[in-house]
Amino acid sequence: MTAQTRSRTDRAELWRLSRGSLVIGVALMALLALTLVFAYVPMGAWNAPVSYAIAAAKALLVAAFFMKLKSSPALLTLAALAGLFWLATLFALSLTDYPFRQAGERITAPVPSRIGTESPL
Amino acid sequence: MTDAAAIRSAEAKEPPSYLKAGRTVASWLTTTDHKRIALLYFGSITFFFFIGGAAATLIRLELISPEGRFFTNDGYNRLFTLHGVIMVWFFLVPSIPTTFGNFLLPLMVGAKDVAFPRLNLMSWYLNMAGGLLVLACLILGGVDTGWTFYTPFSSMFSNGYVVLAAAAVFVAGFSTIATGVNFIVTVHVLRAPGMTWFRLPLFVWTQYATAAVIVLATPVLAISLLLLMAERLFGLPIFDPAHGGDPVLFQHLFWFYSHPAVYIMVLPAFGVISEIVTCFSRRRIFGYTAMIWAILGIAVIGFFVWGHHMFVAGMSPFAALVFSFLSFVVAVPSAIKVFNWTFTLYRGQIYFEAPMIYALGFIGLFTTGGLSGLFTASLPIDVHVTDSYFVVAHFHYIMVGGSVSAFFGALHFWWPKITGRLAPDRWARFSAILMYFGFNFTFFPQFVMGYLGMNRRYHHYAPEFQIYHVTSSAGAAILAAAYLLPMGYLTWSLFYGRKAGDNPWGATGLEWQTTSPPPRENFVEQPRVDEGPYLYHPDQVAPFEEAPERRQQHDPQGKSDPTRAGMEE
Amino acid sequence: MSNDAALKEPFESLDRQRLSAALGMWIFLASEVLFFGGMFLGMTIYRQIHPDAIMEAARETNVLFGSINTALLLISSVTMVLADKAAEKGLKSAVLAFLAATAALGLCFLVLKGFEYREDIHEHLVPGPDFKLHTPAAQLFFGFYWIMTGVHAVHLTIAIVAVSTYFVRIWRGGFPFEGSAALPVLGLYWHLVDIIWIFLYPLLYLGGRT
Ligand SMILES: [Cu+2]
């Protein structure tokens, strides 16, 4: 096999390897464009959920295909899910607190002028 | 348990022990042998235990008189902060996992080493780096925030070296995460052929659960400290109430780690006690599977209860109810474990040697600590005892009465395996009993005075509490003696102790099937396992009939075995 | 032959070694998720308490820099995956090219981030007495902005250094990259740094644009 033919078969193999990943890459860029556009569409309270849903979709693509969770032993997915489960615990139990605070304990927006007067200078 | 004959036959060409595999200082400082790294950790942990202990001694000295004779207010604040920071992060959290866990986990699962030996060494160096930072902080003048680093005091008002202390804990946190990752992978991937999950000794299960807690909780501590450092160094308003921030958010993040940290400290102790109680009562563990589910249950539910530290911090009443309820729930698996140890003793043949005395002491002290934990989990009582000596006594019963007793129990139990020498049992028994009494003298009065209204973290106090403080300080002197004694006789045993055989206690478990001390590769031949753990007697026999002759012989230090006589010095 | 060179103590087969490395990295990544999760929790809570002030502040970040940087990181994840795939087939020059591209894209991200920081400082977006906005709670947003992007940049820097190190080792030869677990594991870390940015992007750049 001459060097030239080898490099040609290498290139062909490379193309075959990378096709799938390139498709995912294009999908990711499309999602990026989508989320950017949606950020400027007035949807009231829905803007934030939509942008995070798109972020979750992107993350899922990266995790499943680039991080190979789809073709790995279930054990690895379990480790990933453990992280997410405990993150959910942190959020869920912290949110038993803030929305249910009593009037006296609730955090209120401070008045702007207070900051200037408190400064020691 | 294993193909012991194969190991025996290979003894003729016995390889040198891990201690003799290299004698230079460099061979220790660059080692990737899990057993040597365990000994490196022994060194650092013992060092910090005595620094933290020295701080405790000074605290007890100061509290003998109600008017605060020796220290300024600021000096006293720095003293108890130092005691807490060092004892929690540089002794208790790493104590059993990095020493006995490192040493025994690969042996118990039948592996040559942990999964990532170089990461294991790096973990020790990170621990050292954290240790140097905390020493720098101590030499420069210390911190006055308490070990909890509460904002906004720590971020805006404290004049101690908060950033240095927080950085020390941050770095030490990385070191424990490295150990945790290593343990989880080792248990998953490197178990010997036939060593199924439900044949693992409970010590391995507790190390596994502890590692999981470490890996999932420590990052949240790291981020809370990082945010605190950013606020203090760069003035970023993160928890600042003047900008609408919430200092209680820091507490949420801090306790998301620091409650599970209690289980990082006490789960490994559970493992130690399970090994010792079975061996010295010559009984199978009662409810092996229930024990495993209890371990995993504690590890998971332990994450759901952190708010019980914040009942008076301004949390919502709903959150307080949820956290109070869940704190009661987490007591259930702990109680299962205590009951199962007790049932294991039932109709056992109990040998009161030093490790067993430590273990029995553990059960008593841990039960007291756990029951007082139910008091503090209950909302109305917690409001009464918050920030009082009742809470101080409660967590010392768990951490000192529990974890430290187990640490000393483990030290005496596996000392022959680690060093190849037996500790003098009479001295060891004496110091175990001394520790039990010293501990109760020190901390039981604190329950009483705390309930009566003595606040923690004050060195001026009402004179009617003096009698309790004096009792407590006297007990602390006894306790100090009980901690110092083993230093003496264990060192003595290194040179003059009787040589231990492979299995001086007649215990089950792969670690006892290899030589004492083990060779560099742990086993001459890859061990194979075809039975469950703790086979001290045939199944179904011991509970129903007295049949001592059918139990595996316990060979207390080889006294009953004439063939061992030649091994005495 | 090269596969034997990649095998290290205490493992007896390459498959187990690769599984261990991947598992170890995934456990560490779970840890990282909780590390960043603490900051996301803080932002979630503050956003709920001070919705108007946080949105007002979120409008001040530069969405152009943010979007270009997101695109750069997404592309770098593609090149990282390609480097890994090429390594499995033993295509050395392709591995080197993709690793170089990955590191270069990461560097571009950092350079752009630097320009963005300069602009932020210029516009008085650093919390303090002369902060641009007068609502006090708006400073909370920028407190988190600086620390979250800063910590992310530190992670990315570590990843770039690691990629460059492997580039040099493979380029010099003798590094058994086909069987080694190092590249796939490094890839996992790189992708996590990418995923974190995927969530930082809507949090820091897309809020309050309508
Ligand atoms: Cu707690």
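Placement of Cβ uses the backbone N, Cα and C atoms for every residue, glycine included.
The annotation compositional bias 'Basic and acidic residues' is assigned in TrEMBL to B:547-569. TrEMBL lists B:28-530 with the feature domain 'Cytochrome oxidase subunit I profile'. What TrEMBL records for B:507-569 is region 'Disordered'. If you look up TrEMBL, you'll see B:38-59, B:79-104, B:124-143, B:163-190, B:202-229, B:249-273, B:285-306, B:318-336, B:357-375, B:395-415, B:427-447, B:467-490 marked as transmembrane segment.
With a threshold of 8 Å between CB atoms, the same-chain residues lying at least 6 positions outside the transmembrane segment (B:467-490) that come near it are 49, 53, 56-57, 60-61, 63-64, 66, 408, 411-412, 415, 423-424, 427-428, 430-432, 434-435, 437-443, 445-446, 448-449, 454, 461. Of the ranges B:38-59, B:124-143, B:163-190, B:318-336, B:395-415, the one with the most Cβ pairs under 8 Å to the transmembrane segment (B:285-306) is B:318-336.
Summarising model confidence by region, the domain 'Cytochrome oxidase subunit I profile' (B:28-530) averages a pLDDT of 94. Taking residue pairs at least 6 apart in sequence, the transmembrane segment (B:79-104) and the transmembrane segment (B:202-229) share three or more C-beta contacts under 8 angstroms. For the transmembrane segment (B:124-143), same-chain residues at least 6 beyond its ends with a Cβ under 8 Å from one of its own Cβ atoms are 37, 40-41, 44, 47-48, 51, 78-79, 81-82, 85-86, 89-90, 94, 98, 158, 160-162, 164-165, 167-176, 178. Listed stretches B:38-59, B:163-190, B:318-336, B:357-375 were compared with the transmembrane segment (B:395-415); the greatest number of C-beta pairs under 8 angstroms is found for B:357-375. A Cβ distance under 8 Å defines the sequence-distant neighbours of the transmembrane segment (B:163-190), meaning residues of its chain 6+ beyond its ends; these are 81, 85, 89-90, 93-94, 97-98, 101-102, 105-106, 109, 111-112, 114-116, 119-120, 122-127, 129-131, 133-134, 136-137, 140, 142-143, 145, 149, 154, 200, 204, 207-208, 210-215, 218-219, 221-222, 225-226, 228-229, 232-233, 264. Listed as Cβ neighbours of the transmembrane segment (B:318-336) (distance under 8 Å, sequence separation of 6 or more from its ends, same chain) are residues 287, 290-291, 293-295, 297-298, 301-302, 304-308, 310-311, 370, 373-374, 377-379, 382.
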